[in-house]
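Below is one structure, written out as structure tokens, with a few remarks after it.
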Amino acid sequence: MASANNAAGSSNNPRSFGSIMRRMNRNRDARLPEWCECGLRPRVTESKSAFRLRQLDEVSRKDESEFRSATSGMNMSSQAEEKKNVHTEETSELVSAKDRMFKAPKSNAFGQSFRDYDIESERQKGVEEFYRLQYINQTYDFVKKMREHYKKLDKAEMNIWECCELLNEVVDDSDPDLDEPQIQHLLQTAEAIRKDYPNEDWLHLTALIHDLGKILHLPQFGELPQWAVVGDTFPVGCAFDEKNVHHKYFKENPDSKNSAYNTKDGVYSKGCGLDNVLMSWEHDDYMYMVAKENGTTLPSPGLFIIRYHSFYPLHKEGAYTHFMSEEDFENLKWLHIFNKYDLYSKSKVLVDVEKVKPYYQSLIDKYFPAKLKW
């Protein structure tokens, strides 16, 4: 768990969630995040950790109504009281801000509910088969081998935009909501966030690059099977939580029969921090590795989003929270904000790539070197 000094430092960090929210509150024209719109106020008798949990619940109440019930039993340590009220705008201003925010559509491009894994269709049958293969093959030993192999970053040298264009050759078989080119999903997500959070340029860039790790499916990067590239992520080395979609297929995973790996904590300890937990190998962890090793200056929430945006068992269902550190909880607030745009901005209305490219190239130049090792 983070120390008290670290926690204090986080609150003074101009890029911390709290500092940015306070800055947005001071700007009368700023667009407020959903957890501010809810009129959430800290109670004098409430611990910081309990207040944080309510914040996370309010962030995703509209799209993730079960988060509170999924995490209400957590036994989190008491922390210092919140010193400032994060909600300072008048009601009329909040209503106006809410009207300007991105609104999630009720159905995907196929006219179906988002992330509906039960509906009968040929595409859904393919998605279920994908998860069957993923759950059988993603073992603790497999993940360790993949991390050792890819941390060499010896597959290619190219810039971020070249990778964006290269990604168009990938089709994500695990996604029931998308059949447009991958660069369109990246830009649709980034542009929707840019409209609502114009001052957080690091978040715009994070949205643009969050899926670039899917190049693992291409021949020059090893041509890994889709079950090792896309889909929801989950920890290995501990029991597979039933909140994972199509959970029934985990029974065929060898680790489910290994006594070292099939307990709740497995090889980890409570509160150890997600950085110390091995996740199933795929594009999230690979892109995080690429960004980190190439010296990106993206702030911690941006790297957290890249690494855990596919960790739906955590950020949608509230599973595996017993491994989280204080910093993880802080960063999860931003992941909840990001997820709405990542999931619901998928559309048949395409972004003019050439029109927006100069803006995103300026962000790439700001936060990344000219060439990256992949």
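Placed from the backbone N, Cα and C atoms, the Cβ positions cover glycine too.
When the candidates HIS149, HIS246, HIS247, HIS283 are compared with the Fe cation site entry in TrEMBL, which names HIS185, HIS210, ASP211, HIS309, ASP342, the shared residue is HIS283. Within 8 Å of the centroid defined by the CB atoms of HIS185, HIS210, ASP211, HIS283, HIS309, ASP342, the record's Fe cation site, lie the Cβ atoms of LEU186, THR189, ALA207, ASP284, SER310, excluding the listed residues themselves. Listed in sequence order, LEU186, THR189, MET287, ILE305, ILE306, HIS309, PHE338, ASP342 are the same-chain residues six or more apart from HIS210 (Fe cation binding site) with CB atoms under 8 A from its CB. For the recorded site, HIS309 (Fe cation binding site), the DSSP three-state label reads coil.
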